[in-house]
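**Q** Dropping a structure here in C-alpha cells format, bear with me for questions.
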Amino acid sequence: MKTLKDILYGVGLSAVSGSTSIMVNHICFDSRKVGQDDVFVAIKGLVADGHQFIDKAIASGAKSIVCEELPKKFDNDITYVQVDNGNKALAIMASNYYGNPSKNLRLVGVTGTNGKTTVSSLLYQLFKKAGFKVGLISTIKIMVDNKEYATTHTTPDALTINKHLQLMNDEGVEYCFMEVSSHGIHQKRTEGLVFEGAIFTNLSHDHLDYHKTFAEYRDTKKRLFDQLSKKAFALTNIDDKNGLVMLQNTSARKYTYALKSYANYRAQILENQFNGQLLKMDDHEVWSKLIGDFNAYNMLAIYATADLLGLEKLEILRLLSELENVDGRFQYYISKEKITAIVDYAHTPDALKNVLDTINTLRTGNENVITVVGCGGDRDKSKRPVMGHIATALSNKVIFTSDNPRSESPTVIIEEMEAGVEAQNANKTLSIVNRKQAIKTACQLAATHDIILVAGKGHETYQETNGVREDFDDFKIVKELLADLNK
Ligand SMILES: CC(=O)N[C@H]1[C@@H](OP(=O)(O)OP(=O)(O)OC[C@H]2O[C@@H](n3ccc(=O)[nH]c3=O)[C@H](O)[C@@H]2O)O[C@H](CO)[C@@H](O)[C@@H]1O[C@H](C)C(=O)N[C@@H](C)C(=O)N[C@H](CCC(=O)O)C(=O)O
Ligand SMILES: Nc1ncnc2c1ncn2[C@@H]1O[C@H](COP(=O)(O)OP(=O)(O)OP(=O)(O)O)[C@@H](O)[C@H]1O
Ligand SMILES: N[C@H](CCC[C@H](N)C(=O)O)C(=O)O
Ligand SMILES: [Mg+2]
C-alpha cells in the first residue's frame, strides 16, 4: 500500500479536496473493477466517460477520485483530485505505484506502422541469445525473461505496462523491448516511462479511422521521439519519407539506418531465397533466415539497436543469423504435393504489397499465387479497397474472406474490398465469407508448386464476430487442409 500523495508525485494537480495522506490499495480506471480503498481515475474515452461512474466507484469502495472535472457534490469521506488529463495522470500514477520500474532497466520502444512485433521480438531473441535477462511487450505476448503472459493490446494500458515492468525488475531483467502503437501514444499509455531508445520502422496507411488524417497519425508516432531524454538514442529508417520527421524535435542522440540512402547504419541485399537472404552489413556478410526487403530493414534496425546498446558488432552479426521468424510472420509449410502455404500478418496495404512483392520475386516458374485475405471490422475502412486492389494486382487468384468482422457485416466488408479491384482483375476473385471454407477452396485450387498466401491474421488464434471469439488458427488450418489433400 502507498499513500495517495506518493502515487500522485509528478502529476500536475489543479485542485485537491480532502487528504492525500490516505493509504491507497490499488489504482483503477474501470468502475466495474474497483475494490476497497482504491483510487479511481476517471477517463474520457471514445465510448463512455469515466466521470459518469464516479458514484459507482465510490459505492464499490474507492476512497479517492482523480478526475478532469470535479463533481458538483462532494462526499466528505472522499478525496477528490483534479488533473488536466486523466490518461496522463493514470500513466504517471501507475509508474509511481509500481516503483518507477522503467528506470531500473534499459527500455527501448519500437514504433511504426509495420515491423514493430518483428523488431521487438527479434531483439528479445537476440539479447536472450547473448545471455541477458530480457523483457518483451508485444502484440503477441509479454515476456518477463522466460515467463510468458497473455496480452490484449499491442501497447497495453499504463497499469499493465508498469505492473509487468515491475515483474521484470523483480526478475533482474536488464533490457526490455516494447511495441509502442499510435493508439498507445495517443492515449498516453506510455507517458512517464523512461526510454533508453526508440526505433522508427516505417509509416504507411493504417488507423485513419482513429487518427483521421495521415499527418495526425505521423505526429502521434513522433511524440515517442519528442519524449526522449538527451541520454537516449533515436533510431530512424531514413529511406522512409517520414523517417526524418521523427527526429525533428527530439533531444536524444540521432541515428539513421537505410538500404538506399546515406545513413549511420547501412545494409545491402546480396541474395534473396525462399529460406533466407544474404545481407551485407558493416562490410560483413550475414545470413538472415527472414526474407524480403522489409526484413532486411528489420534486421538492420536490430543490428543498429544492439550496437547502440553496447553489444560487440561481430557478436551481433553472429546472433543475427540465428534469429528465427516470429509466429505468423511469413510462416510457411510445404505440402507433399509441393504446394507452399504462407501465413502472414499483413493487415495493412503496405504489408500486403511487401509480402506479395517478396513472393513474386521468389517465383521461379509458372506457379500461381493464390491469396486469401480479408479486412478487420470496426477498423479503418479506407484501407479495404486499397488492399483489394493490391491483392488482385499481385496475385493470380484472390479469395476475399472475413478477418475479425467484429460488429460489422462480413459481406459488406468484402464488398468494400471488391470495390478496389480493377475491371481487368475482376475475373481473378472469389468471395467466401467463411474463412475456413475460403482457405479450403484455395487449397483445392492450388496445383503443384503453387503458393497460397493467407494474409491478415498471422499469429492470431481466434476469429472475432460480434464480441465472440471462436478458435481459429490460419497456420494450423491451412497445414491440416493441405496435409489431407489428395491430389
Ligand atoms: C479505440 C481504443 O483504443 N479504445 C481503448 C480505450 O477504450 P475507450 O476509449 O473506448 O473506453 P470507454 O469504453 O469509452 O471508457 C472510458 C473510461 O470509462 C471507464 N468505464 C467504462 C464503463 C463503465 O461501466 N465504467 C467505467 O469506469 C473505462 O474503463 C474507461 O476508463 O481504452 C481502453 C482502456 O485502456 C482500451 O481497452 C480500449 O482499447 C480497445 C479495446 C481497442 O480495441 N483498442 C485497439 C484499437 C488498440 O488500442 N490497438 C492498438 C494497436 C494497433 C496496432 O497495433 O496497429 C494497441 O496498442 O493494441
Ligand atoms: N519493416 C517492415 N516494413 C513493412 N512491412 C513489414 C515490416 N516488417 C513486417 N512487415 C509486414 O507487416 C506484417 C506485420 O508485421 P509486424 O507484426 O512486425 O508489425 P506490427 O507493426 O507489430 O503490427 P501491429 O500494428 O499489428 O502491431 C508482417 O506480417 C509483414 O507482412
Ligand atoms: N493491431 C491491429 C491488428 C489488426 C489485425 C487484423 N487481423 C484485424 O483484426 O483487423 C488492429 O487492432 O487494428
Ligand atoms: Mg505488433
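Keep in mind that glycine also has a Cβ here, set from the backbone N, Cα and C atoms.
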**Q** Among 111-114, 403-406, 463-466, where does TrEMBL put the label motif 'Meso-diaminopimelate recognition motif'?
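**A** Here TrEMBL associates motif 'Meso-diaminopimelate recognition motif' with the stretch 403-406.
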**Q** Give residue numbers and ranges for long-range contacts of the motif 'Meso-diaminopimelate recognition motif' (403-406): same chain, 6 or more residues beyond its ends, CB-CB under 8 A.
**A** 347, 373-379, 413, 435, 456-457, 460, 462-467
**Q** List the other residues in this chain whose Cβ sits within 8 Å of the Cβ centroid of the meso-2,6-diaminopimelate site residues Arg379, Asp403, Asn404, Pro405, Arg406, Gly456, Glu460, in sequence order.
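**A** Close Cβ neighbours, site residues excluded: His347, Gly374, Cys375, Gly376, Gly377, Ser402, Lys457, Gln463, Glu464.
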**Q** In Å, how large is the greatest distance between any two Cα atoms among Arg379, Asp403, Asn404, Pro405, Arg406, Gly456, Glu460, the listed binders of meso-2,6-diaminopimelate?
**A** 16
**Q** Check the binding-site residues Gly112, Gly115, Arg379, Asn404 for any whose Cβ is under 6 angstroms from an atom of ligand 3, and report them in sequence order.
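**A** Only Arg379, Asn404 qualify.
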**Q** Determine the most Cβ-crowded residue among the binding-site residues Lys116, Arg379, Arg406, using a 10 Å radius around each Cβ and all protein chains in the structure.
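**A** Per the Cβ count within 10 Å, the most buried is Lys116.
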**Q** Using a Cβ-Cβ cut-off under 8 angstroms and a sequence gap of six or more, which residues of the chain neighbour Lys221 (N6-carboxylysine)?
**A** Thr111, Gly112, Ser182, Ile185, Phe200, Leu203, Asn242, Met246
**Q** In sequence order, which residues at least six apart in the same chain have a CB under 8 Å from the CB of Gly456 (meso-2,6-diaminopimelate binding site)?
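**A** In sequence order, Tyr345, Ala346, His347, Val373, Gly374, Cys375, Gly376, Asp403 meet the Cβ cut-off.
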**Q** Long-range same-chain neighbours of Glu460 (meso-2,6-diaminopimelate binding site), Cβ under 8 Å, sequence gap at least 6?
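**A** Correct list: Gly328, Tyr345, Asn404, Phe472, Asp473, Asp474.
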